[in-house]
Amino acid sequence: MKSCILVINCGSSSLKFALIDPVSQQEVLSGLAEKLGMAGSQITFKHGPTPRRSFRQPGEKDVSPLEGGNHAAAMDAIIARLKDEDLLDSVKAVGHRVVHGGEVFKSTVVIDDSVLAEIEKCSKLAPLHNPANLLGIRTAMQQFADLPQVAVFDTSFHQTMPEHAYLYAVPMSLYREHGVRRYGFHGTSYRYITSKAAELLGKPLEETAFVCAHLGNGASATAIKGGKSVDTTMGLTPLEGSVMGTRSGDIDPGIIGYLGSELNLSVAGVMDVLNKKSGLLGLSELSSDCRELQEAASAGNEAAKLALDIFSYRLAKHIAALTVGLGRLDALLLTGGIGENSAYVRANVINRLGFLGLKLDDDANAACTRGKVGRITTEESLPALVISTDEEMMIAMDTAKLAGLAA
Ligand code: ADP
């Protein structure tokens, strides 16, 4: 029997899971419970081994309504399925994604009561995410009471940033007393792709200097030197930085006060506009989805084209700015649904960065979609690499290590 890790990524209304064999690095079974706590909740199972992102492509999935419709019911359904397939005994540890670890968690940890209490304290920094992550942990602790449970934080990778990168120019008391600083996110993804890129380039990770962009519905970019984050675009929350699907990214903070008085909106009302109605969706007045905007742009929709141009220009600007923290650049790494699939956005970004030594290879760029990885710049150019991220695999590998399983 294999020794597997059950990876849980619990959101407020969804629960993603993956059963991973850390030795062969294969996904055995994965799934997604959706609309938890709402009408119409359902659970989807998919058999591996498959690359993570193909879960989102049409393929062999089996979907059924989820009776009970809450997180505990989702976990029950996962356990029942594991039992049915004779896989339950293969689960040797559970790894959890936790969004915010504040300044306390600088690496992955085995969960105990004090860790739970600290994650709870970090909830004020991520009120939409951490309570859901805790719910997933508590449910799994009940159902898998005898197994080690491990927490992997999105923020911990960025704890290596120097003060000059993570502090905002606001009164220091706000940092000391309220934790107001840049934390950064997507850390698990960055950790995964930088080690893959070092392998691909045949260089020790310690000797690399990368700017990496994780471009999904949320989008960020990070400067990583010797495998350590030295600067990143996201901040106290995942609202700062690049343009995203529905999030504005950087704006003049003065806009918040201005909109409050112009539109008589509360702070919560303004935040709702910036988090849910802005970004690609707000600019295009059409969709937050890059693929849909590309289709609309090629059919002549000017607003869709402008939204993608603003997305790409802002990202190129951030990539260039992040090189300041590195002092040099060995390669640009692109990942996430947009980074892995959108030749259009990649061209739009890289063609603005010729002065950094990046020159796109149009054919290689066009060929790099749907899980294909590789170099999309010419031989004489600095490398830009497309790398498929796999946060679940990273969580499984961390969990296997901390649970003392061979990986
Ligand atoms: P999440 O951040 O929710 O994990 P993903 O990493 O899956 O999201 O990225 C979703 C984004 O990737 C969407 O904007 C989607 O349109 C885009 N995307 C996925 N496939 C393609 C494609 N073939 N071409 C362009 N964009 C794509």
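Cβ coordinates come from backbone N, Cα and C, glycine included.
According to TrEMBL, the protein carries these features:
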type	residues	note
BINDING	ASN9, GLU391	Mg(2+) binding site
BINDING	LYS16, HIS214, LEU215, GLY216, ASN217, GLY218, ASP289, CYS290, ARG291, GLY337, ILE338, GLY339, GLU340, ASN341	ATP binding site
REGION	47-67	region 'Disordered'
BINDING	ARG97	substrate binding site
ACT_SITE	ASP154	active site, proton donor/acceptor
SITE	HIS186	site 'Transition state stabilizer'
SITE	ARG247	site 'Transition state stabilizer'
Would you mind sorting out which recorded positions among LYS16, ASP154, ASN217, ASP289, ARG291, ILE338 put a C-beta under 6 angstroms from ligand 1?
-> ASN217, ASP289, ARG291, ILE338
With the residue listed as 'active site, proton donor/acceptor' as reference and a Cα-Cα limit of 10 Å, the qualifying recorded positions from ASN9, ARG97, HIS186, LEU215, ARG247, ARG291 are ARG97, HIS186
Can you tell which of the binding-site residues ASN9, ARG97, GLU391 lies nearest to LEU215 (ATP binding site) in space, using Cα positions?
-> GLU391
Taking the binding-site residues one at a time (ASP289, GLU391), which has its Cβ surrounded by the most other Cβ atoms within 10 Å?
-> GLU391
Between the recorded positions ARG97, ARG247, ARG291, where is the Cβ count within 10 Å the lowest?
-> ARG291
Chain-internal residues near LYS16 (ATP binding site), provided their CB is under 8 angstroms and they sit 6+ positions away | ILE8, ASN9, CYS10, SER30, GLY31, LEU32, ALA33, GLU392
Give the maximum pairwise CA distance in Å, whole number, for the residues LYS16, HIS214, LEU215, GLY216, ASN217, GLY218, ASP289, CYS290, ARG291, GLY337, ILE338, GLY339, GLU340, ASN341 listed as binding ATP.
-> 23
Compare the C-alpha of GLU391 (Mg(2+) binding site) with the C-alpha of each of the binding-site residues ARG97, ASN217, ASP289, ILE338, and give the closest one.
-> ARG97
Would you pick out, from the binding-site residues ASN9, ASN217, the residue whose Cβ has the largest number of other Cβ atoms within 10 Å?
-> ASN9
Rounded distance in angstrom between the Cα atoms of GLU340 (ATP binding site) and ARG247 (site 'Transition state stabilizer') = 20
For HIS186 (site 'Transition state stabilizer'), write down the residues of its own chain that are at least 6 apart in sequence and whose Cβ falls under 8 Å from its Cβ; none is a fine answer.
-> ASP154, HIS214, GLY218, SER220, THR222, MET234
Starting from the Cα of ARG247 (site 'Transition state stabilizer'), work out which of the binding-site residues (ARG97, ASP289, ARG291, ILE338) are within 10 Å.
-> none
Could you give the Cα-Cα distance between ASP289 (ATP binding site) and ARG97 (substrate binding site), in whole Å?
-> 24
